[in-house]
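Engineer: Dropping the structure in here first, questions after.
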Amino acid sequence: MRILAIVKRIIKQLLRDRRTLALLFFAPLIILTLMYFFFNGETEELVLGTVNVDVWFTAALEESGVHVIPYEEAGRKTVIDDELDGLLLVSNGEMSLVLLNEEPSASKALSAQIRTAAMRLAAEPEGRPQEIVAQYIYGGEDTAFFDVLSPVLIGFFVFFFVFLISGIGLLKERTSGTLERLMATPIRKGELLAAYLAGFGLFAVVQTIIVVAFSILVLDVVVAGSVWHVIMINLALALVALSLGILLSTFAATEFQMVQFIPLVVVPQIFFAGIFPVEGLADWLQAIAKAMPIYYAAEALKAVMYKGLGFDAIKGELAALLAFAAVFITLNLLVLKSHRSL
Amino acid sequence: MEQAVEIEGVSKSFGKKEVLSDISFLIGEGMIYGLIGPSGSGKTTLVKMIVGIAAPDAGAIRIFGVNVPNLELLEKVGYMAQADALYTELTGKENLDFFASLYPMKNAARKKRIAYAAGIVNLTAELGKRVSAYSGGMKRRLSLAIALVHNPKLLILDEPTVGMDPELRLSVWTELLHLKKEHGKTIIITTHVMDEAERCDIVSLVREGRILATGTPTELKQAYGAKDLEEVFLKAGRENR
């Protein structure tokens, strides 16, 4: 079968191109890891001011590595002036926490430590469960940055690398004359396109699984919902990237021109991917966001990974992604037509 | 004699430049037809239109009585492009195998054809090497083997012998003549080497998108009172000014 012959050829070619394989599989991991360390810089010691907190609690906190500074009296101003990460106040047996939240990761770590300490004490005979009310000086509870960022980043890297490699794959076929040579064989354009989608699609599947597994297993990215949904969304996005990459390669004469599409097509997607909140933008910008495939993927990934929602919450976005892919594939068939009418 | 290829009033322009104007000729089945002319004369464009990968602006082309382009027809056509269109990451054998599997052939038949095609161009020993390690001449030979691999009735070869040493050129020509005589293949060949043109049954002299003259090499030499085809070319060119 002709499609199978091309799929086999694409796989052989890619497997022999070690550099490209490394780019496809390891580059996303390296960048994700870097981002993880940048946004989760937990090396600094957490500093907590306390007012009226008993000795046991203080000891428990210090045991888990928090530097505790007791105050007679303190408030929000103290936190800012003394550069505390947080301030724990006890009055009438009620605990309340003020978090500086300059770095969300620090706030997250600190409140986790306090909750653990409170839970440990509560487990002891004379202890009682504590309800801790947290206040934030900057931002709010939801600003755990890497947690929000990681779904977007995973989607973006899948999109970017699949786009680049599939686009350049077909471009090479065009510049080396083999595409024209193929047109002199009885192959149909639909078959050629299907083979390209399948051949590069296989590598996209492997890449998606590696990126998702690495994020979860090594970087400890929390997936509140189903991992299968995460993979499903990324595969839909990879299909969009594949068909868009192949489509745009038609308009590039050289590999360098293909790279020129990155600032034009790929970079703007980052802005609309939800790293910056789209809801606050001007109406016309929001309209543009709706035309970006990554916007839907990021929304769906955030829904699954961060909010823990199920399939019902993402089916609209999945449908949007598949619609994008369908449009790009149709355009591909039209554009390929210019070489031979069949 | 049956007609293998019929070309009727074919014209083609790229932008404002007309590269082929009102070309018509017939190619009888079982002959070697040479298109002779300098580079830029429109030979390659004409050949691409016969294969069906470029569309003429006007006119029609028929192969074995079927209008071009036609997918089933392409099974009967073997094309060797002027630029080697090969997958350099793959070995010679993998290239042959890939192109062969685009045609309807059983596995066993395909293996036989691959061995045969590689033998003709004397590449059997180098088939396991990656094409990126091939010399220019080896790539030409592999391209020729690919054009032959599915046993086509019509061979269209665009400057097949460029970069080959005289010995190999001779053996390729011996094989082309054999394919014509023993297997009744029709062969269209473009070249700018005059001694190759002498071996064709019929030659057309192409210049600036027009056919200056057509005939057997002997007829042409007689008609123009020339001692070789090179002289015919010069004289025909002056007359057409």
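Backbone N, Cα and C define each Cβ position, glycine as well.
Below are the features listed in TrEMBL for this protein:
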- A:21-39: transmembrane segment (TRANSMEM)
- A:95-339: domain 'ABC transmembrane type-2' (DOMAIN)
- A:148-171: transmembrane segment (TRANSMEM)
- A:192-219: transmembrane segment (TRANSMEM)
- A:231-254: transmembrane segment (TRANSMEM)
- A:261-278: transmembrane segment (TRANSMEM)
- A:318-336: transmembrane segment (TRANSMEM)
Engineer: Taking contact to mean three or more C-beta pairs under 8 angstroms, with sequence separation of 6 or more, is the transmembrane segment (A:261-278) in contact with the transmembrane segment (A:148-171)?
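Structural biologist: They do touch: at least three Cβ pairs between the two stretches lie under 8 Å.
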Engineer: In terms of Cβ proximity under 8 Å, which residues at least six beyond the ends of the transmembrane segment (A:21-39) contact it?
Structural biologist: 14-15, 105, 145-146, 149-150, 153-154, 157-158, 161-162, 165, 203, 206-207, 210-211, 214-215, 218-219
Engineer: Mind checking which residues of the chain, 6+ beyond the ends of the transmembrane segment (A:318-336), have their Cβ under 8 Å from one of its Cβ atoms?
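Structural biologist: Residues 189-190, 192-193, 197, 232-233, 236-237, 239-240, 242-244, 246-247, 250, 293, 296-297, 300.
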